[in-house]
Amino acid sequence: MAAMKKVLLAVAVAVAAFAVFSRHRFLKLKEIMLASREIPVKHLSCHYLQNIEYGAEDITILKNGLAFMSTGLKFPGLHSFSDEPGKMYVLDLLHPKPTPVELQISGELDLSSFNPHGISAYTDEADDSVYLFVVNHPHHKSQVEIFRYVEEDTLVHIKTITHPLLHSVNDIVAVGVESFYATNDRYFHSNALLLIAVYLDLTWCDVVFYSPHEVRVVADGLRSPNGINISPDKRYIYVSDIMDHDIDVFERQEGEQLRYIKSVAVGSLCDNIEVDHKTGDVWLGCHPNAMKLSSYNPEDPPGSEVLRIENIHSKQPVVSMEYADDGHVLMGSSVAAPYEGKLLIGSVFHKALYCLLK
């Protein structure tokens, strides 16, 4: 009888401990998702970009003002307004009235399942050729497409890259004609296991360096690395750890290894990263309330938030809110790309804005 009482007591203690742990993790999950957060509305002088109806999940801008956009992303757990394959667009920010033009894609690529996500551009200094790197998720797979940009509206598909280490690529930053850094935003492919990983606060995600000669993990111990980009001097790599609400700064080392420098808290779930070519300021498209993003309700839409980090390498970087909306103008901002007083704001599944900065 005494032994039975001890067993029952142990079970009761274990159940109570699990209940306390579960409540703590549930509250922590709500905190991570910013489920109770409301932000003020702060608008700029903006208008919708023509032709962009199904999101502009990522945007990258060349020094000459050409901006590339990926649209039509279908991502597990997120809303989508379109059943059509994704597309790529380009627009010239030097034009008085910049209008996105759909890029024609040639080569051996199955466009019927094209599902573009993060993108990055690389200009070969040898001949000024422009290469566009696109994360693609056909049939929920993870691969990277490399294109060469030719003429005014054409992408020529060069190759598809797959590798076991590139198992859940979210975003990339190109550092060569066929080399790049990539973020893996999840350790498990199953959404159920992904939720468990978040619930248990597992930091098993990583950043991978790819080249035709080697592929290896160069930074790990991350919760959910999302956007990635590079400083104008090519010395530093920036990674948005979206679940940590911060931007991680790494220094490139010999052999393309990354050395962790610091993290800058941003207080929001920041998606993609763009860097001002001239000032080095870091611009972020963020989700102020991820619960609204994942459980899409048109009556209570997910909002948008754009943050800027000035002097990110100083002891006291300045983080400022440059744009904020409650979802009635723009839902689910994912990227903010600046260029000489102009700003492009893209979204996961909604529209895109062309704004003038004061």
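Yeah, the Cβs are placed from backbone N, Cα and C, and that goes for glycine too.
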Inset, instruction - Look at the disulfide annotations in TrEMBL and name the partner of CYS355 from this list: CYS46, CYS205. - result: CYS46
Legend entry - Count of other CB atoms lying within 10 Å of the CB belonging to HIS117 (active site, proton acceptor): 24
Inset, instruction - Specify the count of other C-beta atoms within 10 Å of the C-beta of CYS46 (disulfide bond). - result: 18
Inset, instruction - Please report how many Å separate the Cα atom of ASN272 (Ca(2+) binding site) from that of HIS117 (active site, proton acceptor), as a whole number. - result: 10
Inset, instruction - Do me a favour and check the Cα-Cα span between ASP171 (Ca(2+) binding site) and HIS117 (active site, proton acceptor); whole Å is fine. - result: 7
